[in-house]
Amino acid sequence: MRSVESTSTSTLLGGATGTGLTAEGLTKTFGSTTALNDMSATFARGVVHGLIGENGSGKSTFVKLVAGMHRADAGRVVLDGVPVADTSGTHRSAARIACVYQDGSLIDELTVAQNLDVIVEPALRPSAPDGSWHRQVLDAARLTDVEENTRAGDLPNNEKRLVEIAAVLARRPDVVLFDESTSTLDERGVEWVLARMRELADGGACVVFVTHRLHEVLAITSHVTVLRDGVLVAEVPTEGATTEQLVRHMAGREVAAFTRRTGAAPADAEVALRAAGLRAARCGPIDLTVRRGEIVGIGGAAGNGQAELIRALAGDGVDAGEVIVDGAPLRGAGSAVDAGTVFVSSDRRSESLSSLLSIRENYTLALTATSGRWWRWLRRRPEVAEADALADRYDLARSSIEQPVGTLSGGNQQKVAIGRMVARDPKVLLIEEPTEGVDVRARFDIYRSLVEVADRGTAVVFTSSDAGELRLLADRVLVLARGRQVAELSGDEVTEEAIVHAFTTAKEQQDARSAAAVADEARELDEKPEVVARRRAGLRPRRQLTFTPATFGLLAVLLVALAAYGTARDARFGTIDNLGSIMQLSVPLALAALAQLPVLLVGEIDASIGSMMGLIVVLLSFRPDGSPAVLFVLAVLAGAVLGAVNALLVVGLRITAVIATIATLGVYLGVARILRPEPGGLINNDLAVLMGQGVAYIPLMFLVVVVLAIAVDVYVNTTRGGLRSRAVGYSALRASQLGVPSSRLRAAAYVLGGAIAGLGAVTLAAQTGVGDPSSGSGYTLLSIAVPVIGGALLAGGRGSAIGCVLGALFVAEVQTFIPFVNFPTGGYLIAVGVLTVLALIVGSARLSAWTLPIRNIRRLGK
Ligand SMILES: Nc1ncnc2c1ncn2[C@@H]1O[C@H](COP(=O)(O)OP(=O)(O)OP(=O)(O)O)[C@@H](O)[C@H]1O
């Protein structure tokens, strides 16, 4: 079997020549912030370059300019003398420019294999005799325990990062930028990534390594480029350089080192936090006692239950045992906040901060969350002063205190996340990876503030993959291996060697024990040891569908139950003729829903589908003659043009989808009313005749719709294009980072939706018979409700065309049922509303993810 590593190396060795990557006068501003100022530098081939600088100095901006995620205000990026086109994904793919971004790019909702499918172009995939190239890529990154069908979001952070790096390497990149790629990894992971960097460089690639871990810079790079406030301030050869020199270049002055605190909390201090027999996924049972003023670190090889343990201490995901804060047992994450516990997650983008709120609002939210009444006015002046003081305390690189937190650099976001919680003086402070992505100076500031808060009596517990950090900061260190505590070190015992030794020896012993157990089980069951090992790791293959089968089941039951009930009430309801007319009625509805589906899949909503259909019906009423085929083509083309208008507004002009399409809803309706102020004109009768045709009582158009729906579902679930569209729906930003042309796919969804709406308009026109401008009005709500009833998620990424057809059938059935039982006709709209809500509840298999923003606020307090 050919290994991925050897493939990439040999190709590079054969191919790459040239001067490398050059930045020529690159400048990028964001409002009043100059993130990068006239940067000119060359990153030659064949060596690893370090790019360092304090938080907010412009490193990620440079990476994003090279990757095409930002457009430069001035200057250009040149590769081997050839300019790299601004924001052109294709050009970058062709030049094999790849990035591993600071905050990760994998789409959590997709499986590992699906993420690999999105990232690695078919032509670059390693050829595996049994077709298991995913396995090959994972094994090359020593990720033998990671199952291809696991949701990426279910992987521990370090494994997620390694999967991403393995995928990027599998693309055999010629230029690779690693932005803080080792910050979530333990020694073993770091060692693997650094070795790959060296291999890539040896093969002639251009490798740029952006990091705050200066010892890694000194270990792997041959040249270091230093940025300060967006300006290139130094380019130095690594040989002979020291950490102190690099820090001086970065800060522009001497930086006082942090020294470990000596007087730890007295042994008789009050107990603030106690865990007894605590179990959570992948960890436990753990017993732990932390006293007031104590700083306890949790270490071990990454992904050994540290993240689960710290969350369990915050009352999240506890399977068994109890956590007691100040003598009172916790009941869930909400009660932890009430008890004075605060938790800072390492996932700052979606968990620890409110990205759209300003720096000031993020601070105020944390500081006032547990005090005062909700009707109290915010007192602006003290609020600003407090926020300014906190920002200064951590030397936050910002344009103003009103800057949205999401636009701060990664490390500065971390400073806000920790600073605001430290300022609350909590009883217990739980922090996951406190200095991930933070520069040396800020790292020391964060250490000092944690020591200060501990000195004031807070019990601090933190996880860290960095043994050096555990040594510097913790009074006591618990080392975990496979979720169990394997060592407890305190005082002078806390050294990097002791920590690493504790988890490596424990792991070796456990590996030996579990390898023997796996071999025994495999022998007994006659299975491959790898299969047994993965099963024992609790990793079960899970197939990702674009719909929830439960929704289909519910719809099928409702369809049959209503048919049975209707027939029992009135035998005419169950006649073949009536069932045929229900199918007939469902056709325009199903097409309206199918028109919405592509837009929903990419995570947006088109509110104009109904009025688009109404306008096309009116247009058709001006052509009462001619061949139906021509009318079909014209309607589809008209729909595509109207869809393109929506695409222009939403994608081209970046207007929020709902707002843009509500505007076009009005415009399309207005144009239809101008063309036909009153219903009038005749629809070509041949269309009605065509609609009336059927095969064995099933209307012909209904069959066409079913075939179309099957084709759409097959496309969405089995092709790369379908997968890429769903990736955009889950996160357009991450999809772009993976190299997916998000904007193009979003635009295509609107155009395709318009074309399908055109088709729906023809069937609607055939049913109405006249050019009625309001004929499409009823479809505005239904075009959104029916896909949801059929299992689509408004959040994007999921939905089924067959579900749309089933949903439309059910809505048409309800609509037909109402007159049979003499209910008011509006009753069916109420039924549709109730069903939509029901479908949303059933369909949201990951309901917990939806409540995440609410849980974040709860973490801060009620
Ligand atoms: N989209 C944006 N909108 C506004 N300001 C931005 C945006 N992106 C970056 N900035 C600002 O540009 C500056 C440089 O940010 P950048 O992310 O490049 O820094 P960095 O050196 O990568 O920092 P870190 O080490 O913390 O990741 C920062 O002041 C940041 O606030």
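Each Cβ is built from the backbone N, Cα and C atoms, and glycine gets one as well.
Residues annotated as domain 'ABC transporter' in TrEMBL: 21-254, 267-507. The transmembrane segment annotation in TrEMBL covers 550-568, 589-622, 628-650, 657-675, 695-716, 747-766, 778-795, 802-821, 827-849.
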Look at every Cβ pair spanning the transmembrane segment (550-568) and the transmembrane segment (778-795), keep those 6 or more apart in sequence, and say whether at least 3 of them are under 8 Å.
yes
For the transmembrane segment (778-795), distant same-chain residues with Cβ under 8 A (at least six beyond the ends):
547-548, 551-552, 555, 588-590, 592-593, 595-597, 600-601, 603, 605-611, 613, 665, 729, 760, 764, 802-808, 810-811, 829, 832-833, 835-836, 839-840, 843-844, 850
What stretch of 628-650, 657-675, 747-766, 802-821 shows the most Cβ pairs under 8 Å to the transmembrane segment (695-716)?
802-821
Which range wins on Cβ pairs under 8 Å with the transmembrane segment (657-675): 589-622, 628-650, 747-766, 802-821?
589-622
Mean pLDDT for the domain 'ABC transporter' (21-254), as a whole number?
86
Any contact, the transmembrane segment (747-766) to the transmembrane segment (628-650), with at least 3 Cβ pairs under 8 A:
yes
Other parts of the chain folded back onto the transmembrane segment (628-650), taken as Cβ under 8 Å at six or more residues beyond its ends:
595, 604, 606, 608, 612, 615-616, 619-620, 656-657, 660-661, 663-664, 668, 684, 686-687, 690, 746-748, 750-759, 761-762
